[in-house]
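Per Swiss-Prot, the feature N6-acetyllysine maps to LYS68. What Swiss-Prot records for SER492, SER584, SER895, SER949, SER1038, SER1159, SER1233, SER1310, SER1336 is phosphoserine, and it gives similarity to another entry as the kind of evidence. Residues or ranges marked as repeat '11' in Swiss-Prot: 1023-1032. Under the heading repeat '16', Swiss-Prot lists 1074-1083. Per Swiss-Prot, repeat '18' is recorded for 1094-1103. Swiss-Prot lists 1114-1123 with the feature repeat '20'.
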Amino acid sequence: MPAYFQRPENALKRANEFLEVGKKQPALDVLYDVMKSKKHRTWQKIHEPIMLKYLELCVDLRKSHLAKEGLYQYKNICQQVNIKSLEDVVRAYLKLAEEKTEAAKEESQQMVLDIEDLDNIQTPESVLLSAVSGEDTQDRTDRLLLTPWVKFLWESYRQCLDLLRNNSRVERLYHDIAQQAFKFCLQYTRKAEFRKLCDNLRMHLSQIQRHHNQSTAINLNNPESQSMHLETRLVQLDSAISMELWQEAFKAVEDIHGLFSLSKKPPKPQLMANYYNKVSTVFWKSGNALFHASTLHRLYHLSREMRKNLTQDEMQRMSTRVLLATLSIPITPERTDIARLLDMDGIIVEKQRRLATLLGLQAPPTRIGLINDMVRFNVLQYVVPEVKDLYNWLEVEFNPLKLCERVTKVLNWVREQPEKEPELQQYVPQLQNNTILRLLQQVAQIYQSIEFSRLTSLVPFVDAFQLERAIVDAARHCDLQVRIDHTSRTLSFGSDLNYATREDAPIGPHLQSMPSEQIRNQLTAMSSVLAKALEVIKPAHILQEKEEQHQLAVTAYIKNSRKEHQRILARRQTIEERKERLESLNIQREKEELEQREAELQKVRKAEEERLRQEAKEREKERILQEHEQIKKKTVRERLEQIKKTELGAKAFKDIDIEDLEELDPDFIMAKQVEQLEKEKKELQERLKNQEKKIDYFERAKRLEEIPLIKSAYEEQRVKDMDLWEQQEEERITTMQLEREKALEHKNRMSRMLEDRDLFVMRLKAARQSVYEEKLKQFEERLAEERHNRLEERKRQRKEERKITYYREKEEEEQRRAEEQMLKEREERERAERAKREEELREYQERVKKLEEVERKKRQRELEIEERERRREEERRLGEDPLSRKDSRWGDRDSEGTWRKGPEADSEWRRGPPEKEWRRETRDDERPHRRDEDRLRRLGGDDEERESSLRPDDDRIPRRGLDDDRGPRRGPDEDRFSRRGTDDDRPSWRNADDDRPPRRIGDDDRGSWRHTDDDRPPRRGLDDDRPPRRGLDDERGSWRTAEEDRGPRRGMDDDRGPRRGGADDERSSWRNADDDRGPRRGMDDDRGPRRGLDDDRGPWRNAAEDRISRRGADDDRGPWRNMDDDRVPRRGDDARPGPWRPFVKPGGWREKEKAREESWGPPRESRPPEEREWDRDKEKDRDNQDREENDKDLERDRDRERDGDREDRFRRPRDEGGWRRGPAEESSSWRDSSRRDDRDRDDRRRDRDDRRDLRDLRDRRDLRDDRDRRGPPLRSEREEASSWRRTDDRKDDRTEERDPPRRVPPPTLSRERERERDREGEKEKASWRAEKDRESLRRTKNETDEDGWTTVRR
């Protein structure tokens, strides 16, 4: 829509303006823009006149497509608002089209009969015919006037029907337009358009049935809709009958019957009567007299039943028509010889069944059936007397000589009733044919031969030719046995005795049978005669006996009938079951066969599809290649043709054919083309230069010649312009003078009216002054009142605003005070928390100082122990005889002032097997180094010494040097289970009071590898206090159990320590440098050996190789944990600084598992201050208890050493040929060896305690130095120091477990510094022994039961 039409009214006004000046097309365009506009889609009252004007213009201009589009747009606009407006517009549109068509028809003389299809007016034949024959002015006028308007009217009807279809709101309008369209077709005899209209209506009906779910869909179950559709179809049927379009009429009948079937209620009797009347006409016109008569029968019965006011004349007329229609049904069957030869019986039967369905009959009617119905319902009594006897003459009586004469009277009476009974005239020919046939049948039964002239005299209403044709048809179709002899002009009947009549032969009045029938039925007649004779011959008593026998049989049957009936039923049931079983088997077999066939077919289909796909691919490839080749050749050919069209190309390729050049390279041709283009370009430039010179010279000469001409023309034009200006100036002055004179005249004339005007104005003012003053006074009063009201309103509003402002300020003040109070409380809480953190820091520093003091004292004691161990090792090395060395050591030990005597303390249960010398030396020598390594591993190391260990010039203590005088790393008597052999007689490592169940294999009663006094949870990595990775009770058993609940191996955020034992493992490994996972087997892995029980884990290299390749030559550190380290495993930090642990762990393994489960709680920051305070108190109590237990353990250790020295003198020296060689003489299991001798465990336990003491000494010394360098810990370390767990782990364990482990090696010590520490340790140990002698000794005793469990008795 144009931008200047903001309202539809403006568009309508604009269109009317165009129409006033005779411009219909612009007016139509303006209104079209309005209808297409999306801005005005809501219906308004102005839309209807706009639409009417729009349709009027479309009719005037014959723009049917624009009218259709406008109607659809208007339907969308007003369908939901005002559907009545749409109906009015459509009716007005059709009325305009009809008026225009009628006007054109009056002006034209043409009847539009010669045009078959309005959609295709000019056919090639009509154009040629008009060119050949020529047309006058009237014909051309008719073609230009009437035909286009008729076509426009037809298109209008069709468009409106399409617009209104399947819309329940305009259903009445739809049927009215359809009926108008039928009248149009009938008026203008438009047969083609009638067929199209019927097809459209049929399509609309199918769409109604298909799209019944739409909101505006038509419900065919509605009686009103059904009546409207039936009415329209009856009009269609009537129009088809009037136009003699019987095929369309029959389709209309089928449509009407379909509508009847959709209806749940029976249609109205008037409608059915009209329907039967129309259908009877259709059947008669189609030549189907049988169904025509049947339809009249239905109409007759309907009228008798439903019509209450049926008169006697109407009843008589209907009965007469029914009688004549029934008797007019051909006696001969409808099937022809061609139908018999083509075996079209099925088609005929199906057709008759369909026709019977249209009449509501269950089966197709027959002539005999209709005659019987007519007699049964007593139709003959209502027939007129003149026709009443016709039934008896044709169907009952046998009188061939008078038959035609009687029938002739009836036919004459029918012919005399054209005005009263016009519909009876159509039955006369059929009645004549039936009369001739009945005459021939009766004559054949009487005469054997008859002359043709005699027969002609018996049939007076036909000539000889028609009679002969009737005779031939009767012989062909009615099984009439007749032969015509043209020589004698006679007819002979029944001459063929072998002739057999058909079953459908017509039946009529019968006198006697034909000779052929008598011969054919001779056996049947003989049988009937013999049966009668037999009845006569048989006497009565025989019949009586038969009757008695019959009664006996009946009695026996009645007696056994129930059983027999049950037997028959059972047999029937069995048969049915067997049939069902067989059917199921057959169905199953067929199903399997079908599935198998389908599977085979599927395989074949897939193979075929694959083959076709491959072939298609290959064909596609070949096609693409061919297309490429063709495109290439085409490109080459085009280039060559382009080149040859030029002069240079023609010269270059004049001797070469294009077909030969197609084999050349396109690049070569392109190069030729480029070369040729360059030459042409040069030639063109030269020609342009020459032409430029010519044009330049020519233009210069031309301009020189035209200069004087231009000057002369300028002078002439200047003179003309001057004359014109002077003339116009004179005219202007004259015009102004005339205007001034006229103005003066007007002034003089009007000046006489000035006084009258003033007087009128004065009177008017005087008259209206009082009115003005009164209105002014009223205005001032209203103004004062309004001013007062507004002032009051303003005062009230100000009061409300002040009140609202006061309450808002008061609320803001309260909110501000609450915020200040909350801020103050938060500051107080922060201040209290800050003071609490400072108090915790101070307490932590005090606790650290106490721990350092305790460590200093313990270090002095351990130095004494180390000094004593060193002296004992030197004495052991100096002595040659093992027995003398042990005696001297025992004497030295006695001289130290020990209070225990050897013989008194030496009991059988404490004595163990003689310990081998190399094992004692190994454990004593490697104890200090392992303690240092354990302590430094736990610390993780962040001082300068640990950082320096990463450098190549590593000065750490070598783990195993070449000059190491210790024994072999591992012997067959190694005390770890994973390294034991089957003959190991050592006792278990389990603590005496350890009540934990055995860990893994068999009856293994060993505890963990840790010290007996170590009650802390096990470690894995550095200070890992996590729960065990395997089962709850399995401490480092098999590498993974079935109930393993471990998480992922290692995550990015895993803060656990390295699995190889801490940060001091700098060995070259096959793992990545950042991979902190523990070794597969070794270090702290206490799992059993993967090899056999007799395998004591010898070196995987040769026995003589002592790990020199991985350890430095000066490495005197302890042995590797994975092979020959007999230290306790690092599953708990047993050598950390601090007081000694109690010897007996309260709670056992159950308490430990409970502590581990509860260790999965929240972090330490979530604990309340009361729990942290309780932790600090508990820490102090544990420190005091550790100090007491430390003194007791040292005393117990001294006791064991004295006992061991006493037993060493009786110990046999061991052959140390191979450090991995197992004992050959020991063959018992580890359980038997533990039972045989428990004393060896005491010796090994004492050695382990000594080595652990040395490690603790070095670790605490390094920890002190490390703390001095690091200073006080941060808050995160302090908070994590006191763990929220219930176990007795130390703060160092948790702190190091929280901190991510760092791969920094521990600080190393030189050999001189190590020796100084050994001497200090010996001195501290000696002083500690003197102090320990004053304390009471806790006596222990190891008892082993039958199952191998070891109990420690105090």
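Every residue gets a Cβ built from N, Cα and C, even glycine.
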Query raised in the report: Name the residues of the same chain, 6+ apart in sequence, whose Cβ is under 8 Å from the Cβ of LYS68 (N6-acetyllysine)?
Result: GLN159, LEU163
Query raised in the report: Over all shown protein chains, what is the count of other CB atoms within 10 A of the CB belonging to SER584 (phosphoserine)?
Result: 10
Query raised in the report: What is the interatomic distance between the Cα atoms of SER584 (phosphoserine) and SER492 (phosphoserine), given in whole Å?
Result: 66
Report summary line: CB neighbours within 10 A of SER492 (phosphoserine), counting all protein chains shown, number 17
Report summary line: Averaging pLDDT over all residues of the repeat '20' (1114-1123) gives 42
Query - For SER584 (phosphoserine), the three-state class that DSSP assigns - result: helix
Query raised in the report: How would DSSP class SER492 (phosphoserine) in three states?
Result: strand
